[in-house]
Each structure stands twice: as C-alpha cells, then as structure tokens.
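Participant: The structure's right below; bear with me while I get my questions together.
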Amino acid sequence: IPSVSGIVPESCLLIVVGLLVGGLIKGVGEKPPILKSEIFFLFLLPPIILDAGYFLPLRQFTENIGTILIFAVVGTLWNAFFLGGLMYAVCQIGGTGLNHIGLLANLLFGSIISAVDPVAVLAVFEEIHINELLHILVFGESLLNDAVTVVLYHLFEEFANFEQVTIIDIILGFLSFFVVSLGGVFVGVIYGVIAAFTSRFTSHIRVIEPLFVFLYSYMAYLSAELFHLSGIMALIASGVVMRPYVEANISHKSHTTIKYFLKMWSSVSETLIFIFLGVSTVAGHHYWNWTFVISTLLFCLIARVLGVLGLTWFINKFRIVKLTPKDQFIIAYGGLRGAIAFSLCYLLDYEHFNMRDMFLTAIITVIFFTVFVQGMTIRPLVDLLAVKKKQESKRSINEEIHTQFLDHLLTGIEDICGHYGHHHWKDKLNRFNKKYVKKCLIAGERSKEPQLIAFYHKMEMKQAIEMVESGGIAKIPSAVSTVSMQNIQPKVLPVERALPALSKDKEEEIRKILRNNLQKTRQRLRSYNRHTLVADPYEEAWNQMLLRRQKVRQMEQKMNNYLTVPAHKVDSPTMSRARIGSDPLAYEPKADSENLPIITIDPASPQSPESVDLANEELKGSGHVSSSPEEDEEGLVMRPKEPSSPGTDDVFTPGASDSPSNQRMLRCLSDPGPRPEPEEGEPFIPKEQ
C-alpha cells in the first residue's frame, strides 16, 4: 500500500506487525518470545553497524568530526546527567511511590535512555532523503555515542554494587571512557589492516573474497566486546580502514556481492529488531507508573532541545558553515531512541535493580513516542521548513577533479601561511598512505596508478569492447563477452609499408617512461614553505626599476591630462534626427553662414576645434587681422613667451603680453573649462537672426 508507506515510516509498520504477532501468539495461549540481549548484541546489531561503517561517507564524516564528537560525547553526557538528576528529584517528591529509587539507579536509567539509536535514525532518515550534512551529524552522533553509553552503563552498574564510591573510582571511570573508545578504534584498525593485507593474495580465489570482509569485521566486533571495549567503534574503524584497499584488490563481482549482501543482511536485522520490539512489548512484564513515564518522556525532549541549542551556539563560533535554526530543529527532532536502550535495560539484574520492569515500560514508551510521533511527523516538517534535500545524482568526473584541485590549493595556501589546518594533515596522511601503506596492502600496479587514470583505462576498455561487439573494428559474432575478448585474434591486414618492429623489452621500457612521466598527475616536485625560500639578490634592483617605470608612466598620464583638451562630443544620427524633429526651426541654415571666418589648424597642434573657435572670437574682438600671407597659410600660429630679463619677478611684474585679453586667450587655449550649460528654452543651434 504505497499511500500508507508514504506517510508512516517502515519502522513504525514493523513495530505494528510485531504487536499484532505478539497479540496473536498470546491470544492462542502461547508465550511470545522476547528479544534477548545476547541475540541482539551478537547477531542483529553487527550487520547494521558494519553496513553503516563500510559505506560511511568518509569526506563528510572527517570534515564534521569535531561537531559529531561534541554532540556524541558532551551531548550524551549532558542528557544522561540532566535526565538522571531530574528523575531523582521527581522520585524524591512525596506521594509518587518512587522514594526507594536512588541516585545511581536514576543515573543508570538516564545513561540508557540518553543515547540516540543508529538503527532508528537509519530507518527514518534514509526515507526522508535529508541533506548530507544533517544526515552525517545525526547518524555520526548515534554511532559514536556508543562508547559513552557503554562506559556510563558499566560504570553505574558497578557503582550500584559498591557500598561507597570514592573520588578514585570516579577518576578511573572517567579514564575508562578513553580506554573503551580508543581501544575499540585500535582493535578495528588492526583487523582492517589484516583484512586489506589478506585481500592482496586472493586473486586466484575470487569466490571467497567477500567472506574475508565479513569475517574480519565480525572478529573485530567480538574482540572488542570480549574486553568490554566499544564494539560499534571497532566495527566502524575496521570498515573505514579496510574499504579503500580491499576494493582496489578484489574483483568487480566481489564488490557487488559485498555491497548487496551487506544491504540485505542489515535490512533483515533491522526488520527483526523492530518486529521483536513489538512482540516484546506484548510479552514483557510491565509496571506502569504515570509520574515516572510522563516525566521521562518530558525530560527526554527538554534535555535534547537544550543540549542541541547550547552545543550549537558553541560550535557555530568555530564552524565556517554555520548550523541554521532549521538545522538545529532537525538535529533535535531526529534524536530517536530504539532497540539498543531496550536491550541494555533488559540486561539489568533483578537483584540489584528491582525496578527493572518500570524502567522497561518507560523506555518502550519513549521508543514508541520517538519512532511513531517524531518519525511520522519529521517528513512533513522537513517539507514545511524547506530543508535542503540530498542530491541523488552521482558526482561527475569534472566535479571530482575540481574537488581534488581545491584540496591541493587549500593545502598549498595553508603551507604558505604556516597555518597547519586539517587540509595540511590530510595531505600528509595521503602522502604517507601513497608512499608506504599502499605498497604493502595493494597488489600490482594499482598501488601506483592514480584512481582517475585507472578509471580512464576502464572506460577505454569498455569502449573498445562495445566497438568490437557492434562490429566497428572487425567482423566477429556480436555475442562477445568481456572474458572471450582476450582469446580473439584480429584479422591480419596487408602491411603497406614496413614499420620497425619493437622488441618486448623496448616496448615495456617505453611504457614505463610514459607511465612515470605522463600518468603521475598528482606528483609534487618540490614541497616548499615560506621559511625555506632563497632570497634573490637582484630582487631589490628589479623592484626599484619597476617603481621608477611606474612613476614615469604616472607623470606621462598627468601631462597628457593637462595638455589634452576634451573633444566636442558629436551627436549620434539618431539624436540629431530626434532634435530636428522636436525643434525644426532651430536647425534652419543661417543666412550669413558664408561670411563666417575659416580657420585652419596646424594638424600637429593638440588643440581641439572648440578652443580654436574661442581664440578666433578673441582675435575678431580685438580687431586684429593677420597681415602676413605666410601666417594666413599656416593658420593660427602659437609663439612662445619671451624669457624675462634677470632681476625681474615673473609673477608680480606684468609683461607686454600680460594684458587681460591675452591672459584670457591663453587660459582658453590651455584649459577651455566646462562648457556653458544652455539655458532653458534655448535651442542647441541659434536661430536665424
């Protein structure tokens, strides 16, 4: 029924199926099976975590690792102690019938219920297709908070058996957190390296290649659980470490097998977990206390909201891409609880915790509320808030190349600045991986060949096979498989001219030269930083020369600006037609236009027609007429000012040529000044007198 599954998440439907099955079994008179913690932790949980760890989007995870760790560690500790403290306060209120529950029992309950569940988050978030950032923040938190949950759970369980808890016990409990989390990661890394090394020698037994991935991952989980370390952290670490090396060694068919077998296995486990939750709800012993259950539900929501708001306020001070209020709401609303809390509570011993049934009832209520209410309403809320969705399309090669280019660029910028950020350390790790680790864990030429070029070879091979199959190269049967391509002998064509035959050694040598010089796209020749740059002895002289040239150019530009008079702006034909159309009388030809004086200009002179017109008007006004015929031919002749005699002041002593009319003429020649604005109503060209 697609309409139902579009509204209700799959996890809710599975719990409903479990409730129906449990009710049916109980109605028949049989005792329904309960989800035992051993079965859950040993058989149902590992496939889901391995699937999540093996296909973890590593780039987003590493770029947001700080935010994820703060939410997972500090957020879970805040939830546990805030919830445990408030529940203890509720239990101390008279009349509730909960006075017998102590502080340690409440803190233990808080640590069980505070952790976000990875199974529930995966089930809901994969259906709403939220963007990668929010998905990795909530899902990463649910994976990494396992270490905190395991430590707090065992800590309070041990403290409950003690008569008195000392400060040394608390310090040891704090240190055990680092042992559990880092120990789990260390175990996972060791098994991941062993799995990668084993896959190097499986080229002749391709059938059992997928088995090594499952075997070593499960051994990592069991080894971590054996020493009370974090099994989830071990599984994630082993999956992340082994994947790049294993996929370089195994065949394409083995890769497909691993992918679909893991997806199927995790899907089956998820289905069984939610069905068993429904069945166990019907089958289990329950003790309902309204005060305890309602308080637990209320304080869970309050603790989650306050924790997310407080931590995001702190995190946003250091993040480049800030978490918006919409993102904070989705992170707070996506804190779903699930079967891990139920199984941990089921593991409690009746002798020390006689209130276990009440804890189980409260936990089942919280699980049902988060999975049903929050799980069903998160999709409409995401649509309502217009939160960015995940892009389904794969990244193109162009995007891959530009991403790598930007990584290199940022690494270089960090190197030059002397600031060692995460790009610098990522580059160091990549170089160490390429230089040492790949040679040990990857077989053959794949350890040296960049991934992009390997992909290019694969595309070329695929294209060649398609051409052969379509009959583009040689006429062979169309049903040709990739394997049979190796046994095809192409038809020998008649040789027109003799080509020099290359020996095998020579051919191999040429290939090696080409491979070394052409295919190392990411090779860095010399790594340098600002501390090791050699000073150039001629650098200072070059700088001085450049500055001098720059000053000379600036002076030339200034001189040109002073000496050049702006030319009269000629109207475009369109403007001229518009003006004639608006005022045709203004553009009638003048009657005395023939009597206007004609002035010739020396072409070498920088003067514009405007300034010459002004000069001509000045000459006309003074009644001066040129008497020399040579001057008439040359046009307007400019003579330099004669030097003053010694002892006279040029500035304050007026000379012969310093009359007001001459000064006005010189000023017009050197700087005509702004054109006078035409008065209102005055036409552009004067009308006929």
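Cβ coordinates are placed from backbone N, Cα and C, and glycine is handled just like the others.
Automatic prediction, not curation, is the source of TrEMBL annotations.
Here TrEMBL flags 504-531 as coiled coil. If you look up TrEMBL, you'll see 8-382 marked as domain 'Cation/H+ exchanger transmembrane'. What TrEMBL records for 479-566 is domain 'Sodium/hydrogen exchanger regulatory region'. The feature region 'Disordered' is assigned by TrEMBL to 599-689. The transmembrane segment annotation in TrEMBL covers 6-25, 37-56, 68-91, 103-124, 136-156, 168-198, 218-241, 262-284, 290-316, 328-347, 359-382.
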Participant: Do the transmembrane segment (103-124) and the transmembrane segment (6-25) share at least 3 Cβ pairs closer than 8 Å, excluding pairs fewer than 6 residues apart in sequence?
Facilitator: yes
Participant: Below 8 angstroms Cβ to Cβ, which residues of this chain, lying six or more residues outside the transmembrane segment (328-347), approach it?
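Facilitator: Contacts of the transmembrane segment (328-347) (Cβ under 8 Å, skipping residues fewer than 6 from its ends): 34-37, 40-41, 45, 71, 109, 112-113, 115-121, 124-125, 130, 134, 137-138, 146, 149, 153, 273-274, 276-277, 280, 300, 304-305, 308-309, 312, 356, 359-360, 363-364, 366-367, 370-371, 374-375, 378, 381-382, 385, 387.
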Participant: Which range out of 6-25, 136-156, 359-382 gives the transmembrane segment (262-284) the most CB pairs under 8 Å?
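Facilitator: Checked against 6-25, 136-156, 359-382; highest Cβ contact count belongs to 6-25.
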Participant: What is the pLDDT of the domain 'Sodium/hydrogen exchanger regulatory region' (479-566) when averaged and given as a whole number?
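Facilitator: Residues in the domain 'Sodium/hydrogen exchanger regulatory region' (479-566) carry a mean pLDDT of 66 in this prediction.
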